[in-house]
Amino acid sequence: MATPYKEERDIQKSYWMEHSSDLTVEAMMLDSKASDLDKEERPEVLSLIPPYEGKSVLELGAGIGRFTGELAQKAGEVIALDFIESAIQKNESVNGHYKNIKFMCADVTSPDLKIKDGSIDLIFSNWLLMYLSDKEVELMAERMIGWVKPGGYIFFRESCFHQSGDSKRKSNPTHYREPRFYTKVFQECQTRDASGNSFELSMVGCKCIGAYVKNKKNQNQICWIWQKVSVENDKDFQRFLDNVQYKSSGILRYERVFGEGYVSTGGFETTKEFVAKMDLKPGQKVLDVGCGIGGGDFYMAENFDVHVVGIDLSVNMISFALERAIGLKCSVEFEVADCTTKTYPDNSFDVIYSRDTILHIQDKPALFRTFFKWLKPGGKVLITDYCRSAETPSPEFAEYIKQRGYDLHDVQAYGQMLKDAGFDDVIAEDRTDQFVQVLRRELEKVEKEKEEFISDFSEEDYNDIVGGWSAKLERTASGEQKWGLFIADKK
């Protein structure tokens, strides 16, 4: 009797034998517009890979070699592996003149595939894990973390949620998963070397492929970059965000208070008011720093025909944003990224927008100088953020700031930091009165819907929200906590 493992492999092999009869880029991408897409998508994917000059690269699911030759141009050596013999033969006929490529016909899941542990600098795959069962993905993650050197990288790109290509298929055994499945499997993966040192995978990045957002309004093409690190390496802040402040249940709880799609003060109402101040024009490019679950980004893209790039350090936030994007057909791309280390070319954006996020950033002057570089001449920045009074904080307020890891400034000092970064026409408004009105309205709504809230979440969640909002109202009433609106131009 066939095992589930053998059945899965046979189904996938037969599917790819059928789609490899015509060894073209259209067949590999399963899309009639593949040639045009490939021109944008391939350079984008290659640009996202960590540096691999002179390094050893293992390409899993190499197919006809769409990426193999490009990888060989910079790598020290490339092992190009695929389980369809005709595909790897085509790859070799196209790229065989590169003497640093070893071509292998093998199934990545096969126990017969022997790759030495700790021998690879970069593992690269493009559309591979979606053709493996859940259990095979887990086993594959364990093999990959073993094969890669400490400090080395794993890059993979998958179709999530639903298919992207328009090719007709008699059957489709592809596993279109939620992105959080891959994130969880690779985050939980650990290994020990022969000396007993423990290693895990640290997420370096996770984002949608922009070419698919631009050409198909489709956010389901997602790539991940992981680095093999010692277990003791510090990932505390991202872990704090995802396991404490912004764990999945907490995000849904915040959303109930702020309104569908929103996790910052005033939800849709304040978003509509502040976005109106940015004078958005069709075709402009907006960067949303701390985009949360994407409500403001969808609003901007749908109502002003702009292209929005939303970044957030919280994996959970971006996972929700990607799920909410399904079916909206809007020009928004999302990425798990740290705004203090992320790089964009100078003059990339028309507008930079950030809502109640920069309070987490300790070196605001450096961030604002970076924003200034990223903005095009004539560009604009709009920020709302938690602030404080210019007086010395009380011990209680100082403890709150310390416990949250916030960096708070008074409204005028905050505006001055924008001026010092090079911005002109800086508006720095104390919007604390508006903040108080919004807090009261949000608190009233939660208290009114107490039974429903407790039923959907828990009594502890209800008490946390009511306690948290009441404490914010006390801190604003004492004059210690403020809320600022900042708008500035790059001339």
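Glycine is treated like the rest: Cβ placed from N, Cα and C.
Annotated N-acetylalanine per Swiss-Prot: A2, in sequence order.
Residues or ranges marked as S-adenosyl-L-homocysteine binding site by Swiss-Prot: G61, R66, D82, D107, V108, N126, V263, S264, G290, D312, D338, C339, R355, T357. All chains included, 28 other C-beta atoms sit within 10 angstroms of the C-beta of V263 (S-adenosyl-L-homocysteine binding site).
Neighbour count (other Cβ atoms within 10 Å of the Cβ, all protein chains): 14 for R404 (phosphocholine binding site). Taken from Swiss-Prot, the feature phosphocholine binding site applies to S159, S164, G165, R169, Y176, Y254, Y386, Y400, R404, Y406, K472, supported by similarity to another entry.
The N-methylethanolamine phosphate binding site annotation in Swiss-Prot covers Q245, Y246, Y254, Y386, Y400, R404, G405, Y406, K472. A sphere of 10 angstroms centred on the C-beta of Y254 (N-methylethanolamine phosphate binding site) encloses 19 other C-beta atoms.
Taking only the Cα positions, the spacing between D338 (S-adenosyl-L-homocysteine binding site) and R404 (phosphocholine binding site) is 18 angstrom. When the binding-site residues G290, Y386, R404 are screened for a Cα within 10 A of the Cα of Y254 (N-methylethanolamine phosphate binding site), none qualifies. Cα of R404 (phosphocholine binding site) to Cα of V263 (S-adenosyl-L-homocysteine binding site): a span of 17 Å. Closest to S159 (phosphocholine binding site) in space, going by CA atoms and restricting to the binding-site residues D82, V263, G290, R355, Y400, is D82. Sequence-distant neighbours of V108 (S-adenosyl-L-homocysteine binding site) (same chain, 6+ residues apart, CB-CB distance under 8 A): L60, G61, L81, F83, L128, L132, M140, R143. Distance noted between the C-alpha atoms of Y400 (N-methylethanolamine phosphate binding site) and Y176 (phosphocholine binding site) is 43 Å. D82 (S-adenosyl-L-homocysteine binding site) sits 57 Å from K472 (phosphocholine binding site), taking the Cα positions as reference.
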